[in-house]
Amino acid sequence: MQTNFLSQQFSAGSLAENSTACPANATICDGTSCVLPEDNFNQTLSVVLSTVLTIMLALVMFSMGCNVEFKNFLGHIKRPWGIFVGFLCQFGIMPLTAFLLSLAFNVLPIQAVVVLIMGCCPGGTASNVIAYWVDGDMDLSISMTTCSTLLAMGMMPLCLFIYTKMWTDSDAIVLPYDSIGLSLVALVIPVSFGIFVNHRWPSKAKIILKVGSIVGAVLIVLIAVVGGILYKGSWIISPKLWIIGTIFPAAGYTLGFVLARIAGLSWHRCRTVSLETGMQNTQLCSTIVQLSFSPEQLELMFTFPLIYSIFQLLFALLILGGYRLYRRHRTKTKTDVEKTAQKEDSKSSPKINGGFVSDEMK
């Protein structure tokens, strides 16, 4: 995630040493809160980390593709009921939820717009990794992420036009179609190679998948840490945005699961749709925000994508932990039932046969 401006807080000691509250190169100064041009260190760090994370992301998506059966993937495309349910969640539930949360908390117009931009973004690739860990339908997960990224080119402008009219002119929001296109390419090409490897060398694909799932987990944490470094001084924003950033992903996960269940999808597909709904492409949201607003406006809300990213990850980890506990308990219970049934069968068999063995069984 890149930003042209970093907000920095100056301690009382540093202020005492200077005659003015802010340095001479500050572009915005409000008391002790100043926005400074991005320094060379952060520019270099951003480029290096972006390159590393892009390579890691490509490898992770390649490994996720190794768990996709081409026939099953093609089946979801030909019979897109699951994809359609995901579409309703992604571009129906999420923008509407963003709109209602902005109204309920009565945030500033510029803050409402950034919440809506987040709600209109397509699904993020992190959902594919979490879906794997919760035994979701990987074919559905990959197809949903691909389709939502592709459809975002038309659905994002439409949703923003509908929901942001009361706060701002939708023409003021710059949609980076090149970034959306790059996200699509970065998703489709590695996954396609993964599907090919799974088709030709299934045994090797399983090894790649296990390694990639671990790398994916590390990648998700790294993205959160990198965001914290690049936005290190910009945490002083409205408490309302913190609350919305907490509620929004939780609502996405919950409503996505409920709608999928109402639509009659199986449990593992419900988990998949839930994750695809709640986990948004926060990097794309950050890019749109930075391209669309002035430094003065960024001061009020440009950290919101990172806040959402943190809480969507925390809730995803809670879902993963809850599922793992449930599966362990279910496996243990099932094993106990089978052992009990075997004991009962061994005790009852002599009574059934009466100890008699026919000549045919000897």
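Heads up, residue numbers simply count up from 1 along the chain you see.
Cβ atoms here come from the backbone N, Cα and C positions, even for glycine.
Features of the protein shown, as given by TrEMBL:
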TRANSMEM  45-63  transmembrane segment
TRANSMEM  83-105  transmembrane segment
TRANSMEM  112-134  transmembrane segment
TRANSMEM  140-163  transmembrane segment
TRANSMEM  175-195  transmembrane segment
TRANSMEM  207-229  transmembrane segment
TRANSMEM  241-263  transmembrane segment
TRANSMEM  306-326  transmembrane segment
COMPBIAS  334-348  compositional bias 'Basic and acidic residues'
REGION    334-362  region 'Disordered'
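Put simply, of 83-105, 140-163, 175-195, 241-263, the stretch with the most CB pairs closer than 8 A to the transmembrane segment (306-326) is 241-263. Per-stretch counts of Cβ pairs under 8 Å to the transmembrane segment (241-263) identify 83-105 as the leading one among 83-105, 112-134, 140-163, 175-195. Outside the transmembrane segment (140-163) by six or more residues, the chain places 64-65, 68, 73, 76-77, 80, 82-83, 86-87, 90-91, 95-96, 98-99, 116-117, 119-125, 127-128, 131-132, 170, 173, 175, 177, 180-181, 183-184, 187-188, 191, 269, 272-273, 275-276, 281 with a CB less than 8 A from a CB of the stretch. Only residues 6 or more beyond the boundaries of the transmembrane segment (175-195), in the same chain, are considered here, and those with a CB under 8 A from a CB of the stretch are 54, 57-59, 61-70, 73, 122, 125, 142, 145-146, 149-150, 152-153, 156-157, 160, 205, 208, 281, 284, 287-288, 291.
Only residues 6 or more beyond the boundaries of the transmembrane segment (112-134), in the same chain, are considered here, and those with a CB under 8 A from a CB of the stretch are 57, 60-61, 64, 67, 86, 90-91, 94-99, 101-102, 141-142, 144-145, 148-149, 151-152, 155-156, 159-160, 163-164, 167-168, 173, 180, 183, 187, 209, 213, 216-217, 219-220, 223, 241, 244, 248, 271-272, 275-285, 288-289, 301-302, 304-305, 308, 313, 316, 319-320, 323.
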